[in-house]
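K.L.:
Mind looking over this structure? Questions follow.
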Amino acid sequence: MKFSLENIISIRDFKKSDVEYILNLAEEMEPIAKSQKVCHEKDGKLLGVMFYEPSTRTRLSFETAMKRLGGDVVGFNQKQGTSIQKGEVLYDTAQIVSQYTDAIVLRHDMEGAARFVSNIVDVPVINAGDGAGQHPTQTMLDLYTIKRTLGELKNLKIALVGDLKYGRTVHSLVYALAMFNVEIVFISPSELEMPPEILRDLEKLNCKFSIKNSLIENIDDVDVIYMTRIQKERFPDPKEYLKVKGQYTLTSKNLKDSNTIIMHPLPRVDEIDFNVDNLSNAMYFKQAFYGVPVRMALLDSIIK
């Protein structure tokens, strides 16, 4: 089995065999990610990170992943202090970074930015989030978390909760879940429902889904609850954000006697109470760690 992609732009570019290849390779990478083994596979290779939007987990896990593989990292994690402040456009910045590095990881506020850059440079490009568009590497670590926790991906029932309109993590995740015959339950305020074009795509993919408003009533009816924060920065009107803020909050009381796996791409705001953290089925911090072996697998597959 081989990995067929040269760039990681959208989960929709993946074949099921690509997904399975990365998940299997990530498991091989885990001992290296945990410092139990040393790897020199990417000695002498440089990863360029271009982060136009804030990031903690994605940026740090990519940097960790590259260094665990034996490579190194250069780049920026904010516009301040770069020529972007002087008016340099994405095209020029990407051209320059591509001259210095063996691959680029890009986070940008414009949907389609990663695809655009992949078409103009000669090195592999990884989409680390493009506005409200896609976040394919998050999707891969989400799948890996589910598989490592439950032992399989097929025939599960998964609830996606919160900001389904602007959340790029769920926009990516649903297409991958559809590959594995997963039933999806969408739970959100009516103002933040999954975009209709994505629902139409799921229908074409014969993916079973339902749309609901109550989180509490559905906790024990699913295998996984995937919480998301309400993304304040995506709202054109702050008043609209205040209308939906805090509508869904998981507490240990809600989850009493429940074995449902709790996931979250993080950061959280108020949607998961801190008293949930110590529950055995709270997987979001382990989920964040799994970003390292998964991104190691992706980097290893596209950097030659």
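Glycine is no exception: its Cβ is also placed from the backbone N, Cα and C atoms.
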K.L.:
Among ARG12, ARG107, ARG115, find me the residue Swiss-Prot lists at the same carbamoyl phosphate site as ARG57, THR58, HIS135, GLN138, LEU266, PRO267.
P.N.:
ARG107
K.L.:
Hey, what's the widest CA-to-CA gap across LYS86, ARG168, ARG229, the L-aspartate contacts in the record, in Å?
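P.N.:
Farthest Cα pair among residues binding L-aspartate: 33 Å.
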K.L.:
When the Cα-Cα distance from HIS135 (carbamoyl phosphate binding site) is computed for each of the binding-site residues LYS86, ARG168, ARG229, which gives the smallest value?
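P.N.:
Closest by Cα distance to HIS135 (carbamoyl phosphate binding site) among the binding-site residues LYS86, ARG168, ARG229: ARG168.
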K.L.:
Between C-alpha atoms, which of these binding-site residues comes nearest to LEU266 (carbamoyl phosphate binding site): LYS86, ARG168, ARG229?
P.N.:
ARG229
K.L.:
Using a Cβ cut-off under 8 Å and a sequence separation of 6 or more, which residues in the same chain sit near GLN138 (carbamoyl phosphate binding site)?
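P.N.:
Non-local contacts for GLN138 (carbamoyl phosphate binding site): THR58, GLY129, ARG168, THR169, SER172, LEU173, PRO265, GLY291.
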K.L.:
Specify the count of other C-beta atoms within 10 Å of the C-beta of HIS135 (carbamoyl phosphate binding site).
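P.N.:
For HIS135 (carbamoyl phosphate binding site), the 10 Å Cβ neighbour count is 26.
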K.L.:
In whole Å, how far is PRO267 (carbamoyl phosphate binding site) from ARG229 (L-aspartate binding site) when you measure between their Cα atoms?
P.N.:
7
